[in-house]
Structure formats: structure tokens, C-alpha cells
């Protein structure tokens, strides 16, 4: 896809541009913020960052073939045959999003984009919507923390460390969906992605939105819970007024604000019969859940191969969304719930014939802990052993809450690394331990920063009937330290620990 630079610039907000130095009569072939990804004819956006400054990589970008540099700081030297566009520091990400959107011919306007937001459950809801739409024969694509599908029909693992990619990648991916004939695009819309500070999603046109819940998360980025809430409300406010709608969890404290943010909405609840869709009964088993719900006075009976009432919430959100966008009979969607399966790293049960149970889950917020731990305790026929940590350089206040919740339900707790980043591992662990008051260190509470060693210790302590839960990483393929990332595969580490234990017997 090639464009004339001037043709793109003419469609952008000229107030964002401080000056242009060089020719506008250039052909551009791509957009990126990574000098490593630059190809001949690419526009390079020199983004300022926390650890790295894109301005330090301008020379490399030019060497790799970039002919247009978008920057926000004064240059000491201007290379000939390269065009420089200067914008303000605070608007460079907005400009990058605007530019990418226009370069790729505003792809979201050619799709019906469904945004899913909330603290917990986003990835699962996206995946369930995706599976149900595919089962209905609809051409669908999606972008989530775990998987991508550009409409080619094959799932690929999210290659980026953040849940929501940068705007250059978002619009490129949406453009591929258009080329592949996608009708509906499901987009996991995180608070980071929705925030104007990152501007990753500001040029996406949303047809419908789903709200799962609000909990204690990302306050290190947003500052206050109100800021965090407002960012998510922005998604609902942006939904198309004509045919668009929202799907809202009525059980959440902030549900009324989301209802007020969108013209048309459908609510679901596990507690209130005032919801449009009311779940009146849930019967949980270790590998499946049966539930009943009402809609417009009609009672429906449903069964899913998933564990937990939280998954009933996620399934209801997906069911409502799909039934409404396709104007389908509710029973028809209920019948297709058997196609739903869990995501990688979500309630993964590891069974290699051992006499105890092991579950891996991505849960890493107090909200997720409060939903999962009662379920874990209920299904542990003997002791509950918990292995988890908390992210470094992220919301510090949640650490105490994670410790407090785990303390109530767990018999043994092993604290370890999640992603310490630039923080000291033991400091993070001790922050979590402040919430743990009913355990004794080195008796039923262990501080083991090395996650592999912590998992191996937990497996070695497990007895017949115990349930070991390993939380916080799930599908993630690395552990982030200050100056390095270490490859990680939670499932393999757990399996190897179990196999090693069996060999010792």
C-alpha cells in the first residue's frame, strides 16, 4: 500500500504540525515507530518513551530506508532527501494514530467494530464472541491480549507484550481484516489503549461495546479510579448512535454510568431480576457449569464446558452481543454455547495422573482473586496451595489486597515474581505479604522470587486431594526484569515439576 505523503497530510489536523522540512511530494509505503521494522519508504515516528527515546533511533531508521521522520524535539542535523515533520511531545501519539488511520484508508469505518472493556474478563469475552460468530458462519476477526485473527481464519498468538498494540499496528491489522472480507472486528479495548496519552484507539469507529467490570488496576497509569473509569466510559460514548449499542454487567457498581454513556444498552446480572438478562441459577462442576437465565419472561437452560460463575458472566456478555448484532433467536445462540472453550492460561487444568490438582490462570487483580479464590476453595478436597506475585512498576495498592484475599482462602501461599521490571523482587513480595496475617513465614508462607523454584516447591508440597493454583502469568511468554526479558512457559514449568516429582517416587 503506497500513498503520497501530501495526500495523507491534507486529511490531517494541520494544527498538530509545527513545521515540515523537506519535500511533500514523496511516496510512502508504510508507518512504524520501531526503527527495526523500517523498510524503504516508511514513515518513522520518533516516540518519546519511559526507557527509550525514539529520537535516538532516527539515524538507524534513515539507514533502513525511512524517508519521512515525525519528531517532537529539535534536530541537530537534517539528512538530505528526508522529510521531517515536527509535532509537539504531547500530540505525537495522536498524530501517529491519525496518520496511520488515513494511510490505511480508515479501515474501522468499513467494519463493524466491537469493543470489549473492563478490568477482568476482556480477553475471554472477546474469544467467546469470536467463537460464537464463527459458529454462526460470520466472517470475523479479533485482536486480544492472547490471540489475533485478521480474518484469515487462523489464530496467531499476540506478538506484542502489551494487550493493545500501538495505533500503527491496530490500523494495519484492521486493514488486513477489510482485505479478508471481515464483517465484524472484535477489539479488546484496554484502559491503556483507550487513554489519550497512548492514543492507540482514538481513531477506531466502534459499532458496539461490552463492559465487564471495574476493579483495582492500572492506577499507577491513570492516577485515580475516576480517571480509569472515565477512559472506559469513553468507549461507550464513542459508540455509533444509530444502530450501535452497549452490553453492560448490571452487577458492577459503575453500571449506571455505562448505561448513561450509550443510547441503547442491554444488561445482564447474576443478582438482579431487573436486568434484561437475569441468571437465576448456577450449578458449577470442576469442568463445566450449568445455568438458567431469563430474557423477556422466557426461561433458558444453558451449559458450558467452563468453570465458575465469573465465566457465566463472560458467556452472557458474549451471548447477548452476538444475539443482538445478528438479530438471532436466543435459543439458537444457547445451543451453540457448547463451542465455547477456555483461552490459553485461563483456568487451565494440568492433569498428568498426579493425585492432586493444578490450575493455571491469568488472574492478577483483586477483583479476579475475589471471584476465583472461593471457587478454588470449594473444589479443593484437601488443601489450597497458591503461587503468585504482583507486577513491578504497576499499581502498588493492589498488592496488599491480593495478599489479603489469598490469605482468607489458601492453606499455603508461595510468593514469587510476576514481572518485577525495575523493582526489587523481595520488596514486591513483602508488599503482598502485608495483607497476609494468618500465615507464618517458612511454615505456610514462602518468599521465593524465582518463579520456577516457587512452582517446583508448591508441587513438592502437594498431597493427595490438594489443589495448587498458579496465578498471574497464564498465557504470557516472558518474565520482565529491569534490563531483560526471560522466556517463560507456565504450562511447561508446571508439567516438568509434576513429572520430576513422579520420577522421585
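Numbers here mean position along the shown chain, with the first residue as 1.
Cβ coordinates come from backbone N, Cα and C, glycine included.
According to Swiss-Prot, the feature ATP binding site maps to 118, 119, 120, 121, 122, 123, 124, an assignment based on sequence analysis. According to Swiss-Prot, the feature N6-carboxylysine maps to 232, an assignment based on sequence analysis.
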Where residue 124 (ATP binding site) and residue 232 (N6-carboxylysine) are concerned, what is their Cα separation in Å, rounded?
18
Residue from 119, 120, 121, 122, 123 whose C-alpha is spatially nearest that of the residue listed as 'N6-carboxylysine', among the binding-site residues:
119
Winner by Cβ contact number (other Cβ atoms within 10 Å) across the binding-site residues 119, 123, 124:
124
With every protein chain in view, how many other Cβ atoms are within 10 Å of the Cβ of residue 232 (N6-carboxylysine)?
26
For residue 118 (ATP binding site), what is the secondary structure by DSSP, using just helix, strand and coil?
coil
Would you mind checking how many other C-beta atoms are within 10 angstroms of the C-beta on residue 120 (ATP binding site)?
26
When you average the Cβ positions of 118, 119, 120, 121, 122, 123, 124 for the ATP site, which other residues in that chain have a Cβ within 8 Å of that mean position?
116, 125, 212, 213, 314
What three-state class does DSSP give the residue listed as 'N6-carboxylysine'?
helix
Near the Cβ of residue 118 (ATP binding site), how many other Cβ atoms are there if near means within 10 Å?
27
